[in-house]
Amino acid sequence: MLSLKSIGASGVLFLLWLWLFQTTEASVHDYNGEKFVSKGNAFVVHGGSEGIYSSVPNLTESPSYSSNTDSFIRFEKIVFRRPKELSNFSSDPIHAIVFEVDDRELIGGSAYGGQRAICCTADLAKLGVCTQGQIIHRPSASNPGWPKVFSASFSTDEVDVALQSRSIPITKTGMYNVYFIHCEPNLKEITVEGKTIWKNPTGYLPGRMAPLMNFYGYMSLAFVLLGIFWFSQYAKFWREVIPLQNCITLVITLGMLEMAFWYFDYAEFNETGVRPTGTTVWAVTFGTVKRTVARLVILIVSMGYGVVRPTLGGLTSKVLLLGGTFFLASEVLELVENVGAVSDFSGKARLFFVLPVAFLDAFFILWIFTSLSATVNKLQARRLLAKLDIYRKFTNALAVTVIVSVGWTCYELYFKSTDVYNERWRNAWIIPAFWQVLSFSLLCIICVLWAPSQNSMRYAYSDDGEEFDKDPTLTLIKPSPLLPKDVRSQPEVRPTLGNSELSNGDDVEDKTE
């Protein structure tokens, strides 16, 4: 019977899905009554930030992104609207400004080295460098004609005003930003509606996402090859399959589905400019289920389930609770990060979702290695050499994976902390891609160690003492009840003799040391 907690968690997850379905935005950025927010002495709405490759072929750029296909940012049906009660005056201009991140210092200024302002102040106006009430911007020396600034103003009794639709061609590769800005305090209640369309030479995918489409295509192929190897072994030795190998089969299948859905998600996004919410949700869910199952499989293997113990006993409920909690936390994080998202998520909000997943991952690692140590010690005590050998290799693979993961996490923190303005956006796709490659590599190692074979059953738990797995040079002779107790307890070493030594029919005496 479901508990109230599980029903509540499911309800929260369902509501989050509904919210994400309703708030999807993509390379087509929609503005549905967005309100201006006070920033310094200006009022601002962030219209979007994306990496865009230039339309003009450039020998210094990657060939896969240099083509004659147009790259542009298009403004469509942008309307500024104010309340009727605040329409009894004409206003200063409301600006739409487009600039490349390298030109960010050309926006705003300060008088006599004071606080930087976006809107022209009285002191700056006295210096003759700008007009009071207008935004401060200077032309770029390296990119003529930029930043791009367009304006619209309210007339008296006018409730809404439209910004002329236009398309801005992109002739220089860079991280571009769109902001709507005004300097009129009396217009703080106005909103913006409409949309902007951003396009790269290869399609509508943002520049930092574009390489991921090909990456997931290659990962899909890699999972297919791994699946061919695994399923062929599975079909050939299906009579010898143990429960652990069934779990590995499930992880491979989930991995295939995850990679396929991610590829189709990016492919449709690239084609239409609107991210397919349903496909993204399926990709996220399959990925979360795969990661959860993979962690649980590694944990129960580390505990020796099916190898040195037939069941988990009282630990079953604790393992399932940890797995369920990890799935819920990871699913929420992935939905927030991926469904309908283009720009980076807010730092504080993202940290709120990342911390529970990081804590649960650390708990998994601690429990896995603690259990592995106990299982290896048990195998050594029982002299189960074949199982001990495979567990040592498994431990080494896990240790290397954890060390590499910690190192990559440190690099990821360094990368993001030193790239405040997303200037290294062309390399940002490597961060998520590396985690996929690392987990796939560990899965390949596990598949090699536990591949179905005619000897698979020797790694399974057995009630008969598993003598076949011990050191073959020692044979315990069942003692006769007529022998003294101290003699019966001693093992007898029986040397292995070749056929030539027995061919002459001579008697061979047993020698007990």
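Just so it is clear, glycine is given a Cβ too, placed from its N, Cα and C backbone atoms.
The shown structure was predicted, so the numbers you read here are calculated from the model rather than taken from an experiment.
The feature signal peptide is assigned by TrEMBL to 1-26.
As annotated by TrEMBL, domain 'GOST seven transmembrane' applies to 211-456.
Per TrEMBL, the feature transmembrane segment maps to 215-232 (among others).
For the transmembrane segment (244-264), the residues of the chain that approach it from at least six positions outside its boundaries are 212-213, 216-217, 219-220, 223-224, 226-227, 230-231, 234, 276, 279, 282-283, 286-287, 289-290, 293-294, 297, 301, 305-307, 440, 443, 446-447, 450, 452, 456, 459, judged by C-beta separation under 8 angstroms. Positions annotated as transmembrane segment by TrEMBL: 244-264 (among others).
Beyond the ends of the transmembrane segment (315-333), by six or more residues, the same chain brings 6, 9, 13, 16, 284-285, 288-289, 291-293, 295-296, 299-300, 303, 353-354, 356-357, 360-361, 363-364, 367 to within a C-beta distance below 8 angstroms of the stretch. The feature transmembrane segment is assigned by TrEMBL to 315-333 (among others).
Positions annotated as transmembrane segment by TrEMBL: 353-376 (among others).
Summarising the annotation, TrEMBL assigns transmembrane segment to 397-415 (among others). Same-chain neighbours of the transmembrane segment (397-415): 298, 365, 368-369, 372, 424, 428, 431, 434-435, 438, 441-442, 445-446, 449, counting only residues six or more beyond its ends whose CB sits under 8 Å from a CB of the stretch.
Under 8 Å from some Cβ of the transmembrane segment (427-451) lie the Cβ atoms of residues 208-212, 215, 219, 222-223, 226, 229-230, 233, 244-245, 248, 251-252, 255, 291, 294, 390, 393-394, 397-398, 401, 404-405, 408, 412, 415, 419, 459, all in the same chain and six or more residues away from its ends. Annotation comment: TrEMBL describes 427-451 (among others) as transmembrane segment.
Feature annotation from TrEMBL assigns region 'Disordered' to 471-513.
Feature annotation from TrEMBL assigns compositional bias 'Acidic residues' to 504-513.
Counting residues 6+ beyond its ends, the transmembrane segment (353-376) has Cβ neighbours under 8 Å at 295, 298-299, 302-304, 307-308, 322, 325-326, 329-330, 332-333, 336-337, 388, 391-392, 394-395, 398, 402 in the same chain.
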